[in-house]
Amino acid sequence: MNQIYGILNTILPFGWLEYDFMKNALLAVLLITPVFGILGTIIVNNRMAFFSDALGHGAFTGIAIGSVIGLVRPAWSAVIFSIGFSVLITIIKNRTKTSTDTVIGVFSSAAIAVGLVLVTSGGYSYNSYLVGDLLSIAPAEIGALFLLAVLIILLWLVFYNKVLMVSVNISLAKSRGINTLAVELAFTAIIAVAVTIVIQWVGLLIVNSLLVLPAAAARNVSNNARQYNASAIMISVFSGVLGLVLSYYMDTATGATIVIISAVIYFITLAMRKRFA
């Protein structure tokens with residue numbers, strides 16, 4: 001990590017990067033935001049804006065279960081629970097006539113209620129998972145984030161066309177021989193893992209916003225899929241870095257500051273779309 005710190009000091013000679021915890025936070029932002037930009041485009045395309053929010057609630061329940069059974073790192077139980085949670089939502093959504101919003105709403109409400117019952121009955125502290133603390137990320141955790149980012153980007157490059165076809169026209173995808181349920185299950189499981197791992201640093205309350213806002217803003221100013229993906233990544237990274245810097249100088253919550261930047265960009269792009277439509 002010392003070599004990476006040295007590179008950051010050379011190319012970014014700013015006062016806010018003087019401290020190692022800020023360098024760690026910057027590296028985390030540069031790993032999280034591109035991945036969230038990519039996943040966000042697919043979420044918005046599939047009109048599943050509330051799905052990642054439900055996954056956050058599922059992750060919270062998984063953390064509560066891990067705490068109750070005495071796991072040293074309850075994040076592992078959260079990952080397992082969230083994957084099962086996402087798979088169950090996807091299967092029920094595809095095999096019943098119930099609307100997607102209703103299925104997600106039912107599971108989300110039940111998950112957060114179960115999680116709250118577990119943590120309050122056991123006297124466990126859960127505030128850190130609600131708000132998150134990006135500045136507390138450790139070098140070893142950055143390594144895990146790097147591996148996660150590489151894995152998700154590789155899967156996206158390999159399966160993007162299939163995921164895009166399923167999201168645009170599921171009937172056409174089925175006619176082309178694509179196993180649409182398998183694609184949806186894989187996609188939702190990937191989102192579940194990403195959301196669950198990141199939630200401890202950005203917080204349950206805003207993780208959905210970090211996924212949706214950059215993609216929604218990008219959609220306002222994009223004419224094709226390539227522009228859409230590139231714009232979402234750029235907006236996500238820009239919001240992340242600017243939010244990190246502003247939170248340092250303003251002494252505010254990093255995740256919330258990033259979301260505010262993303263929201264401002266969304267409203268700007270929305271105004272641009274209406275003006276030039």
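Every residue, even glycine, has its Cβ placed from backbone N, Cα and C.
Annotated transmembrane segment per TrEMBL: 25-43 (among others), in sequence order. Beyond the ends of the transmembrane segment (25-43), by six or more residues, the same chain brings 4, 8, 12, 17, 49, 51-52, 134-135, 137, 141-142, 145-146, 148-149, 152-153, 156, 163-164, 167, 187, 190-191, 194, 198, 201-202, 210-216, 218-219, 228-229, 232-237, 239-241, 244, 254, 258 to within a C-beta distance below 8 angstroms of the stretch.
Residues annotated as transmembrane segment in TrEMBL: 50-69 (among others).
The feature transmembrane segment is assigned by TrEMBL to 75-92 (among others).
Positions annotated as transmembrane segment by TrEMBL: 104-126 (among others).
Positions annotated as transmembrane segment by TrEMBL: 138-160 (among others).
Within the same chain, residues 32, 35-36, 39, 42-43, 51-52, 55-56, 58-60, 62, 75, 78-79, 82-83, 85-87, 89-91, 94, 129, 132, 144-145, 148, 152, 155, 159, 162-163, 166, 173, 207, 210-211 sit at least 6 positions outside the transmembrane segment (181-199) and bring their C-beta atoms closer than 8 Å to a C-beta of that stretch. Taken from TrEMBL, the feature transmembrane segment covers 181-199 (among others).
Within the chain, the transmembrane segment (205-221) has long-range Cβ neighbours (under 8 A, six or more residues past its boundaries) at 32-33, 36-37, 39-41, 43-44, 49-50, 52-53, 56, 130-132, 191, 195, 198-199, 227-229, 231-233, 235-236, 239, 255-256, 258-259, 262-263, 265-266, 268-270, 272-273. Annotated transmembrane segment per TrEMBL: 205-221 (among others), in sequence order.
Non-local neighbours of the transmembrane segment (228-249) in the same chain are 16, 22, 25-26, 29-30, 32-34, 36-38, 40-41, 134, 210, 213-215, 217-219, 221-222, 255-262, 265; each lies 6+ residues outside the stretch with a CB under 8 Å from one of its CB atoms. Here TrEMBL flags 228-249 (among others) as transmembrane segment.
Sequence annotations record features per position, and here TrEMBL assigns transmembrane segment to 255-272 (among others).
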Item checked: Other parts of the chain folded back onto the transmembrane segment (75-92), taken as Cβ under 8 Å at six or more residues beyond its ends -> 51, 54-55, 58-63, 65-66, 69, 98, 103-104, 107, 111, 181, 184-185, 188-189, 191-193, 195-197, 199-200
Note to self: Can you tell me which parts of the same chain pack against the transmembrane segment (50-69), counting only residues 6+ beyond its ends and a CB-CB cutoff under 8 A?
What the structure shows: 43, 75-82, 85-86, 89, 101, 104-105, 107-109, 111-112, 114-116, 118-119, 122, 124, 126, 129, 188, 191-192, 195-196, 199, 204, 207-208, 211-212
